[in-house]
Amino acid sequence: MRNVQAQPLVSPTEPMIDPFGRAVTYLRVSVTDRCDFRCTYCMAEHMTFLPKKDLLTLEELDRLCSVFIEKGVRKLRLTGGEPLVRKNIMHLIGNLSRHLKSGALDELTLTTNGSQLARFAGELADCGVRRINVSLDTLNPEKFRTITRWGDLSRVLEGIDAAQKAGIHVKINAVALKDFNDAEIPELIRWAHGRSMDVTLIETMPMGEIEFDRTDQYLPLSQVRADLASQFTLADIPYRTGGPARYVTISETGGRLGFITPMTHNFCESCNRVRLTCTGMLYMCLGQNDDADLRKALRESESDEHLSQAIDEAISRKPKGHDFIIDREHNRPSVARHMSLTGG
């Protein structure tokens, strides 16, 4: 890696502003398209992964992230695929942590399936990672193996324990799936809140190849919330984490529950984020196909000025909203790329 010594404390940079007046302060970076699970709503079972030569190096990822931070990004989330299966990923995380120490970055975090957490939790905490999201749709070992196609639930639970013992706050992300985990959502909430973990429920999104009718899988969170309201006392709160979730508190558990509703309640009006893939493609919107090739700009010049200009041009094309829709007639997604490539 290039010289990444800690810099003195810096003043916050003015954020990038998109055509609709929204400040872009949040960068999600997919560091790999590979994963040790094959979740049915995320990727195909026999996935064809990108050749390693097409991936940005760790040094290039560091440089790109650093330019975004110089341009006003305050929150950086590493995703995948599964970010912790990327070789030498802790070198990248350790180097990016200098931006926390300098004050240029408010938060460095990641979304993980939890399979590698037992191994890396201590190092993550040492690098200044204070919060992580763990994707977990069920506490039933057989169902877990079905949805992930071969995942080991006990390994994930061990990873969550390790993260909490290391002082990392864990939030559980669960995709609500009709006739799969809808009946056990209350149990998942009680379990998580009993361990001081927030829960965020997510509507399934029409992305990537699908092996069965996506409409059969889709469960509107408005329905889930109504069902939960018959068991719990829900109260809306203004709590935000920088993402699109809207939160409530549950009186009976004392915990927080978030709802991410791309289908039933468009969250685009407050969108503050862009997504960078492991190949250097920048997506200004999760639900649009428009992209910008930052790898080309990165490799054309050692100067960051050309790269900065390419980022500015991309931000100028950030759309007002996504085009997510489930095509009920042809059983196909509105966005063809897999979530594992875009960054979950």
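A Cβ is built for glycine as well, from the same backbone N, Cα and C atoms used for every other residue.
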Further [4Fe-4S] cluster 2 ligand in Swiss-Prot, beside CYS268, CYS271, within candidate set CYS127, CYS285: CYS285
Matching residue for the GTP site, where Swiss-Prot names ARG28, ARG77, THR111, ARG273, VAL274, ARG275 - out of LYS171, LYS178: LYS171
Same S-adenosyl-L-methionine site per Swiss-Prot - residue from MET16, MET197, MET205 joining TYR41, GLY81, SER135: MET205
Candidate with sparsest Cβ neighbourhood (10 Å radius) among CYS42, CYS285, the listed binding-site residues: CYS285
Nearest recorded site to MET205 (S-adenosyl-L-methionine binding site) by CA-CA distance, among binding-site residues CYS35, CYS42, THR111, CYS268, CYS271: CYS42
Structural state of THR111 (GTP binding site), classified by DSSP into three states: strand
Euclidean distance between Cα atoms of CYS42 ([4Fe-4S] cluster 1 binding site) and THR111 (GTP binding site), Å: 14
Shortest C-alpha distance to ARG77 (GTP binding site) - which of the binding-site residues CYS35, SER135, CYS268: SER135
Rounded to the nearest Å - Cα separation of ARG275 (GTP binding site) and CYS285 ([4Fe-4S] cluster 2 binding site): 7
